[in-house]
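Copied over from TrEMBL:
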| type | residues | note |
| --- | --- | --- |
| SIGNAL | 1-31 | signal peptide |
| DOMAIN | 32-213 | domain 'Plant heme peroxidase family profile' |
| DISULFID | Cys42-Cys122 | disulfide bond |
| SITE | Arg69 | site 'Transition state stabilizer' |
| ACT_SITE | His73 | active site, proton acceptor |
| BINDING | Asp74, Val77, Gly79, Asp81, Ser83, Glu95 | Ca(2+) binding site |
| DISULFID | Cys75-Cys80 | disulfide bond |
| BINDING | Pro169 | substrate binding site |
| REGION | 203-235 | region 'Disordered' |
Amino acid sequence: MASTSAPRAATLAGVLLMVVVSLCGLHGAAAQLCEDYYDDSCPDAYDTVKQVLINAHQSDTRIFASLIRLHFHDCFVQGCDGSLLLDTVPGMQSEKESTPNNGSARGFDVVDAVKAALEAACPGVVSCADILAIAAEISVELSGGPSWGVLLGRLDSKTSDFNGSLDLPAPTDNLTVLQQKFSNLSLDDVDLVALSGTSPTVSRQQSLPWGPHFRPGTMQVRHGPSLQLQRHKHA
């Protein structure tokens, strides 16, 4: 059993990221992104992020899953724009304080460490939104899952959407509610199973189609950015 659990978890993590990236495409930014965005301005960005994550994993074995979840929760609310990272200020409540995130979303300290390392290497270049995207892909790769060329060039949001973050999938949501939340973002039941089926907080309490933690191999993620992830991989 132990020999198969890790590959299964890595595969599910890969599926999770493929659907998460499709969320970015729903907000119209995907066509403007490219893999080589930082090749000239910050050529060591990827390796810098990877090293910080490797170091963080030594003291926190949950960090890879936590970073993937951060990227998912960021993308689900007004696109993959880093808005989840913003703190509360007068006139703007942070998405961190919403029920789906408060006391649950974690890994912000590692994101801060990544940001500090990148600022030391190439100040003011890599966006926080891209940091979340890169960290999520690396987390899948370091967990034994697939790797791919991450599309980069996102701009950071200057506003959070607290009310929007209240609509994140919750462990108390029944199937009908989950379907509606995904449908609101033009995502279907295939995407729901890929994302909710890999979320322990949801799958422990909900009876999802085909059972929790399982995604039929004949079902394909059909969104364009997801197909891009499957085609482009690191050597």
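Using the three backbone atoms N, Cα and C, a Cβ is placed for every residue, glycine included.
On a predicted model such as this, the values are computed, not experimentally measured, just so you know.
Recorded features from TrEMBL, shown on the structure.
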residue: Cys42; record: disulfide bond; Cβ neighbours (10 Å): 19
residue: Arg69; record: site 'Transition state stabilizer'; Cβ neighbours (10 Å): 23
residue: His73; record: active site, proton acceptor; Cβ neighbours (10 Å): 23
residue: Asp74; record: Ca(2+) binding site; Cβ neighbours (10 Å): 29
residue: Cys75; record: disulfide bond; Cβ neighbours (10 Å): 27
residue: Val77; record: Ca(2+) binding site; Cβ neighbours (10 Å): 26
residue: Gly79; record: Ca(2+) binding site; Cβ neighbours (10 Å): 22
residue: Cys80; record: disulfide bond; Cβ neighbours (10 Å): 30
residue: Asp81; record: Ca(2+) binding site; Cβ neighbours (10 Å): 26
residue: Glu95; record: Ca(2+) binding site; Cβ neighbours (10 Å): 29
Distance [Cα-Cα, Å, rounded] between Arg69 (site 'Transition state stabilizer') and Pro169 (substrate binding site): 12
In sequence order, the recorded positions (Cys42, Cys122, Pro169) whose C-alpha falls within 10 A of Asp74 (Ca(2+) binding site): none
Cα distance (Å, whole number) from the residue listed as 'substrate binding site' to Glu95 (Ca(2+) binding site): 14
Ser83 (Ca(2+) binding site), number of other Cβ atoms within 10 Å: 25
Candidates Asp81, Ser83, Pro169, namely the binding-site residues, that fall within 10 Å of Cys75 (disulfide bond) by Cα distance: Asp81, Ser83
Proximal but sequence-remote residues of the same chain as Cys122 (disulfide bond) (Cβ under 8 Å, at least 6 apart): Tyr38, Ser41, Cys42, Asp44, Ala45
Inter-residue C-alpha distance, Ser83 (Ca(2+) binding site) and His73 (active site, proton acceptor) (nearest angstrom): 10
Remaining residues near the recorded Ca(2+) site, that is with C-beta within 8 Å of the centroid of the site residues Asp74, Val77, Gly79, Asp81, Ser83, Glu95: His73, Cys75, Phe76, Gln78, Cys80, Gly82, Leu84, Ser157, Ser160, Asp161, Gly164, Ser165
Cβ neighbours of Pro169 (substrate binding site) where a neighbour is any other Cβ within 10 Å: 21
C-alpha spacing of His73 (active site, proton acceptor) relative to Asp81 (Ca(2+) binding site), in angstrom: 11
Rounded inter-Cα distance in Å - His73 (active site, proton acceptor), Cys80 (disulfide bond): 9
Inter-residue C-alpha distance, Cys80 (disulfide bond) and the residue listed as 'substrate binding site' (nearest angstrom): 16
